[in-house]
Amino acid sequence: MTDLKKHFAVIGNPIHHSLSPQIHIAFAKENGLDIDYEAVLSPLDQFKNTMHQLIQQKFTGANVTLPFKKEAYQLATTHSSHAKIAEAVNTLEFKENEIIGHNTDGIGLVRDLEQNLNVDLKSKKILLIGAGGAAEGVIYSMLEKKPSELMLTNRTIEKSRAIKNKMDMHAKGFNVNFNVIEIAKLPHQYFDLIINATSANFNNAELGIDHKVFHESSLAYDMMYGKETSYMKHAKSQGSRVSDGLGMLVEQAAEAFFIWHHIKPHTKSVIESLRAL
Ligand code: NDP
């Protein structure tokens, strides 16, 4: 590559669905930057090689999505504090002698909730459903906002327990009631905010959550985006406010854009134009 244009990519498997190229090109246009951003499909067992090819081609940075966020953590030689705590990386910076790994998912979720949906997380009761990479990646950012309660639940409850044990010391520092709750006990609890961080909807599977957990005053947030999920439909039927994860996607991209270009892009117009699609 001999041009001066900066090159970026998002790496995943599958990757054809990714909106990241559109989002980053829109941010760049708004700020008068001429960048190149492509979606790269990496074979499942070739993540490291794929990344080293990008580094050889003098790419400036990359986003990493399913299922490579843990491998990206291993690849990075230096980590931001959020990446270190989550042990997962979704944004990489390629420098002369180091690869810096960041995790912007938590910041993206919190900004979407606070800035786009006007939800103040302080002193709120929050339920987080799921114990995969997405759930783990957002816990610290939510704890930082000092909710009164952050409960974790998951189909495989042992995974929630393992995450809780790992994150306990952080929750104590923020004085948050941080615990695991079994799915069967959910109807007896009240939550202001219920976040679905599972991939159940990928296979159109039902989550198996009692609808009584949703209330008129709660917000049901689904990290999935692109369509109204059955989780959102159930919450709506109980009178809850609902949101998908499109805003989180754009906000986490905005934080990655800031890391690479030191410019904070406007996100609202990008969210609106993607929603219109
Ligand atoms: P993982 O594969 O790491 O985790 C999957 C989670 O979903 C596990 O907790 C798993 O439970 C649960 N799950 C899967 N199928 C079912 C089911 N049928 N019933 C109940 N639970 C189920 O995925 P990620 O954590 O990486 O991603 C989760 C979701 O978050 C995805 O939909 C992804 O698109 C979305 N996401 C959105 C982002 C955004 O910016 N909006 C950013 C990152 C992720 P178990 O442990 O029992 O298997």
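Even glycines carry a Cβ here, placed using N, Cα and C.
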NADP(+) binding, same site as GLY130, ALA131, GLY132, GLY133, ALA134, ASN154, ARG155, THR156, ILE157, GLU158, LYS159, GLY245 - TrEMBL member from MET223, MET232: MET223
Listed in TrEMBL for the shikimate site shared with SER18, LEU19, SER20, THR65, ASP105, TYR225, GLN252, one of ASN49, ASN90, ASN204: ASN90
Winner by Cβ contact number (other Cβ atoms within 10 Å) across the recorded positions LYS69, ARG155, LYS159: LYS69
Site with most surrounding Cβ atoms, counting all protein chains shown within 10 Å, from the binding-site residues SER18, SER20, THR65, ASN90, GLN252: ASN90
Maximal Cα-Cα distance (Å) across residues annotated as binding NADP(+), namely GLY130, ALA131, GLY132, GLY133, ALA134, ASN154, ARG155, THR156, ILE157, GLU158, LYS159, MET223, GLY245: 26
Of GLY132, GLY245 (the binding-site residues), the residue whose Cβ has the fewest other Cβ atoms within 10 Å: GLY132
Binding-site residues: LEU19, ALA134, ILE157 - member with fewest neighbouring CB atoms within 10 Å: ILE157
